[in-house]
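Record features, source Swiss-Prot:
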type     : residues : note
TOPO_DOM : 1-56     : topological domain 'Cytoplasmic'
COMPBIAS : 1-22     : compositional bias 'Polar residues'
REGION   : 1-40     : region 'Disordered'
COMPBIAS : 29-39    : compositional bias 'Basic and acidic residues'
TRANSMEM : 57-77    : transmembrane segment
TOPO_DOM : 78-109   : topological domain 'Extracellular'
CARBOHYD : 87       : N-linked glycosylation site
């Protein structure tokens, strides 16, 4: 640990940084005056208020969102119901294939 200096906070002093560092570089201003000072906005300018819409204006959007959400719910419900129905022993006994190792029929291939 010979490279580490154990100095207290009181012993630290400021030193001059490298002249090539980005911190010491002068600010760059163009001839058009692009600087932070040119971004001053008038404090007297009033903010623009958005028009307030009644809740009835959002009724159609709310109904459409509910219908879309309900459609996703029904899709999941339907898929779960059909999957459970196909696995019932009575359904397999009546409509199942006797040779299940064959896979799909030749009509579907």
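Quick reminder: no glycine exception, Cβ is built from N, Cα and C everywhere.
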Measure the Cβ-based neighbour count of the residue listed as 'N-linked glycosylation site', defined as the other Cβ atoms within 10 Å of its Cβ.
9
Across the topological domain 'Extracellular' (78-109), what does the mean pLDDT come to, as a whole number?
71
